[in-house]
């Protein structure tokens, strides 16, 4: 019986002794007076108000007044004295977030309230007893015994009670693992399994509690309309066939009225519900005692309760008083009222029903007593279809052929089809309610002792009551009476009430108030559970239900609960509502067992339950039994409940706030990750499994914000959530000075990764210089077999500016590091022009310029990009370069065949490059590059002059490039080069720098370009011209990236070559293979 919320007012209090405790409650630094209205710390995660050592707020002077602990003075800010910590622990009250005051605070002043703490018997045992015993025991248990028989009924009850006992053992382990927060099973599950499981199971538990309220209200109305006041029915059946529909309509009307009345009572004040709790409990106890007293009485004085049978069929004793066809009156024989029900007249010659005419009417005792031997007749099941006759086994009957069942005949018929699994679903709600003690944990003297003891004792007691009642019902009551759900054969009396002593009204009135009180407590507890979930903030759309009245009463949650409860009342059938809430409670219990099993198997250091009588096998058995019972009850209800829980889980995972509750699922994930990492090969992957595992190198500005966020957009387009992505960056400085900036930078990167939907890991390094930091990232990023094989970085656009934090020297060194590590390198040039994830290219080309083969990565990257919606409509074109002595036609055929085997569709074009003379532009471009390099080395320029000189040379190179096609004259000699330096300025520099010899400037004017540089520049210029001619309008151009020179003296020239190679192109991706990445033609 799942009334899992018996609400008791929780007052702020101080557990102190004597005057010292009273004084502590008045001091502002006491544990009770710490502001608990804002349970959300700086990380945004609500925490339980617990005595964590970093939350102790006491003035530093009080720690070391005598200077005895001056040695530890520096640690006092974060680590308190042991005496202070123990004081906090001793005065800790386990009031957690989500716990609200259930009674109005008549005066708003904070004062000490010495509320009596409850022990095991009052605080746990009796509430569990009250919540477990209830409506199913009074209204359906006799019917279950009649349909399933004693043996199968015993099996049903044993399975359900075993399930709850195993769940109680798991719950006891969880509840005794530390101070128990008030809040019940939701807090235990959510803090053990994490916010996703906690929210999903919490909502299922809430729905179960809400539908439980509907079930109790329906039970209350059924008792009222069937056994207390049948004349109060609004809808009357015109025929016997319409009685069931009329009853359902009456249940809907009266149930809705009862729900509205109960909701008003709960809204006005829950204190009235709490005051009536003892009355409801007394009703339950008296009813149970009356049942046992009635059983004992049947042993020596069975009650006289006749049941009329026609043949072997049970008759509904409503419109006749004599169980006979005819009776003798004044020496004459006359027909009875029963005759007139089956015949068309009262005369002996009237036409009667064929079955009535051929079978005799007999009368048996409905409750023959314990000593009657009826137990053997009730031992086995008697399942039947809907509308079947309730027949007594072993009684002879004359069958009739092709009998039609005319309406109006007073037979007792079954209203629903009965079978084993259906009875399990109807019965299971009667064993729920084991969480009542944990919901009162905030008001217990010793919750870690009371919850296991009280809960397990309550389950043992109720299991004994249920099992003994099954045996006693089977031994005392006739089978046809047991199968008579509504007591029609007993003139409409409650079957279990007829057994009770001293009067049937003890059971009728007791069960009425018991179910009424259970409904009130469900409507009290369910809104508070929803309010606790809403206040946790894990489900954003439920946050409105976290608000309530000024005193904390959950008004909006109560309104939603009443609406959901109304849907259950509109179903109107107790037998249809019971399996629904069975699903939700079974799911809740399943995850309680899962939480205990996971924590035990992981052996986490904080898993130290005080309750020792648990084992992971018991929890696993309980979880399996819950899952089995779900599908036994109703496989489609089970799938629907699991679908709801799964949707809630994914919603919380997708939209919910990030919570860190130290849950077991995180530990399980870590164990699974460790196991998977140990299985991953440390060597290179197989050819067929190779994919780029990317380390993205980001640059940060002075505010620790990402300079080029579109680099992450490009990463998500390239990876599409598959494989490994590590986003790294370097901060210059020492870790002691920069750890705050490092944390802020990591938060900025993570938020940008989330915005760009880049799934991966963030790794930030603080190093004395950027060069070493980048090298450390390339060497150490990743773990075990999960290491990157590709480095993605942005081209340093302003590399010619000497004060650029990521200078060209760092860039070239990073290129060398990736080459040494045999890793691929991707350099995105003009990264700010790359598309964001929201953009779409409706047309265009991705051009691949395949100059040298370094593993086939150039062809793999466009294929991966085109899987993303941004690049999906772009065509792929592959260009390769042919020299004069190459057969370009055969090259094109071979390349097309190669792509065919690679299963890549792309246009192929072979571009011929004629070896002509080195142009004047190339010679001058090389000269400008070398002159600039020499000048910057030889002249000690100021920062502003150096920048201006670099810009002037850059401008002249650009102007030279625009007029290169019109030049036909021979390469200019060095003396024709126009320099911005005058002779006077050079003399002034010479006097300023005495150590600079005059030969340096003389060499500057007689400089001749190096022939290898001229050849490289010639290649760059020629290739750039060819690429511009073919791919200037391409959406993306992929090019082989030349390797850096072996000598570091040519690093700056290398940067200039790359600049010339890619000049004039919008989006360029320079690709340098590491030698290990491959693309294969094999499957």
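Even glycines carry a Cβ here, placed using N, Cα and C.
Here is what Swiss-Prot records for this protein:
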type     : residues           : note
BINDING  : 131, 132, 429, 432 : K(+) binding site
REGION   : 1-55               : region 'Disordered'
REGION   : 664-680            : region 'Scissor helix'
TRANSMEM : 120-142            : transmembrane segment
TRANSMEM : 150-172            : transmembrane segment
TRANSMEM : 197-225            : transmembrane segment
TRANSMEM : 250-271            : transmembrane segment
TRANSMEM : 272-300            : transmembrane segment
TRANSMEM : 420-440            : transmembrane segment
TRANSMEM : 451-473            : transmembrane segment
TRANSMEM : 505-531            : transmembrane segment
TRANSMEM : 555-573            : transmembrane segment
TRANSMEM : 574-598            : transmembrane segment
TRANSMEM : 613-635            : transmembrane segment
TRANSMEM : 636-651            : transmembrane segment
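Non-local neighbours of the transmembrane segment (636-651) in the same chain are 196-197, 199-201, 203-204, 207, 425, 539, 579-580, 582-584, 587, 630; each lies 6+ residues outside the stretch with a CB under 8 Å from one of its CB atoms. Looking at 197-225, 250-271, 272-300, the range that has the most CB pairs within less than 8 A of the transmembrane segment (555-573) turns out to be 197-225.
Ranked by Cβ pairs under 8 Å to the transmembrane segment (150-172), the stretches 197-225, 272-300, 505-531, 574-598, 613-635 are led by 613-635. Annotation: stretch 505-531 has the most Cβ pairs under 8 Å to the transmembrane segment (120-142), among 272-300, 505-531, 574-598, 613-635. Tertiary neighbourhood of the transmembrane segment (505-531): same-chain residues 1-7, 98, 100, 102, 130-131, 133-135, 138-139, 184, 186, 202, 205-206, 209-210, 212-213, 216-217, 219-220, 223-224, 227-228, 258-259, 262-263, 265-266, 270, 273, 276-277, 279-280, 283-284, 286-287, 290-291, 439, 494, 496-497, 542, 545-546, 548, 554, 557-558, 560-562, 565, selected by CB-CB distance under 8 Å and a gap of 6+ residues from either end. Most Cβ pairs within less than 8 Å of the transmembrane segment (272-300), among stretches 197-225, 451-473, 574-598, 613-635, belong to 451-473.
When each of 197-225, 250-271, 451-473 is checked for Cβ pairs under 8 Å to the transmembrane segment (574-598), 197-225 comes out on top. If you draw a 10 Å sphere around the CB of residue 429 (K(+) binding site), it holds 31 other CB atoms from the protein chains shown.
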